[in-house]
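Asks: Provided herewith is a single structure, encoded as structure tokens, for subsequent inquiry.
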């Protein structure tokens, strides 16, 4: 028998906190949880409060809460008024001066939800890093989640920072996001932006890869169980492979002439395509924040202006964008006092 004699190490406060945070429990907390849980709770709570009770009458001239008659698709937490610029709109700041009713009226809840939501999604990414390290696996889940973080931060924070105020960010609501998409198309011709094209290719390509991969795995399952369906035929502790990569490779080689030769390259490609799509679209939004133009085919515009018989899909889309601008601007930005001919102005429900 060996007896080790030594001095007991003193455990500091940091070690005690570290042990408590990383204790095995139903919901892991961790150091990342100190950022994630409070921020996520406040962001979701602020959003639910806003769509339930808070009006957008003072910032947008709109009804935006359940209390005013909106439903889940039309309710939103609206952006602050344009006159507020890029102020953080703190409850105790010079705008609200501690008056929570005034803070709701000027749109302070939007900055509250946007900032806490941003830190919340960053905390969730850090949580995946932390747990991956503790479990002993690679951190590719966290790397993949960097895509949604990039999109959220660029759309809700970077884009309005490049514009005149928070007013031009999307409000937190379904119909409000649709309005923002129309705004991006009308004022930035977003659908013709190559970064948007790469983003769409990445997201739809990722969905296609998921569908193909799932179907291929189902098609090549080893029949080593007697149960009637997939979910009962295998045990989670089985040591053998679930499906045949060799058979899958042979199938797709016959379909396309080429196929993935190993699982590592296959799954890395499935990771890369959608994440690259999200990152490229985020880069495109940064360009919009700086009002950079993407594709402007001026030669076609000039020829269409000179020749009434010459028209392309590009020139037709340009006319649609002009219509969006003239229809949206007067209603969406009443503080600018835009004046348009009466025949092109929106006519409410009489359309």
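Any Cβ shown, glycine's included, is placed from N, Cα and C.
So Swiss-Prot has the following annotated:
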- 39-59: transmembrane segment (TRANSMEM)
- 116: chlorophyll a ChlzD2 binding site (BINDING)
- 123-139: transmembrane segment (TRANSMEM)
- 128, 141: pheophytin a binding site (BINDING)
- 151-164: transmembrane segment (TRANSMEM)
- 196: chlorophyll a PD2 binding site (BINDING)
- 206-226: transmembrane segment (TRANSMEM)
- 213, 260: plastoquinone binding site (BINDING)
- 213, 267: Fe cation binding site (BINDING)
- 277-293: transmembrane segment (TRANSMEM)
Asks: Counting all other Cβ atoms within 10 Å across every protein chain shown, which of the binding-site residues 128, 141 scores highest?
Replies: 128
Asks: Near the transmembrane segment (123-139), which residues from the same chain, at least 6 beyond its ends, have a CB less than 8 A from one of its CBs?
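Replies: The answer is 22, 28, 30-33, 35-37, 39-40, 145-146, 149.
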Asks: Same chain, outside the transmembrane segment (151-164) by at least 6, Cβ under 8 Å from its Cβ: which residues?
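Replies: For the transmembrane segment (151-164), the sequence-distant neighbours (Cβ-Cβ under 8 Å, at least 6 residues beyond its ends) are 79, 82, 85-86, 114, 117-118, 121, 170, 278, 281-283, 285-286, 288-291.
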Asks: Which one is closest to residue 213 (plastoquinone binding site) in space, judged by CA to CA distance, out of the binding-site residues 116, 128, 141, 196, 267?
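Replies: Smallest Cα separation from residue 213 (plastoquinone binding site) among 116, 128, 141, 196, 267: 267.
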Asks: Residues sitting near the transmembrane segment (39-59): Cβ under 8 Å, six or more positions beyond its termini, same chain?
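Replies: Answer is 65-68, 70, 72, 75-81, 104-107, 109-110, 112-113, 116-117, 119-120, 123-124, 167, 171-173.
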Asks: Just the number: how many Å between the Cα atoms of residue 267 (Fe cation binding site) and residue 260 (plastoquinone binding site)?
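Replies: Cα of residue 267 (Fe cation binding site) to Cα of residue 260 (plastoquinone binding site) measures 10 Å after rounding.
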Asks: What is the interatomic distance between the Cα atoms of residue 116 (chlorophyll a ChlzD2 binding site) and residue 128 (pheophytin a binding site), given in whole Å?
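Replies: Roughly 19 Å, rounded to the nearest whole number.
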Asks: In whole Å, how far is residue 196 (chlorophyll a PD2 binding site) from residue 128 (pheophytin a binding site) when you measure between their Cα atoms?
Replies: 28
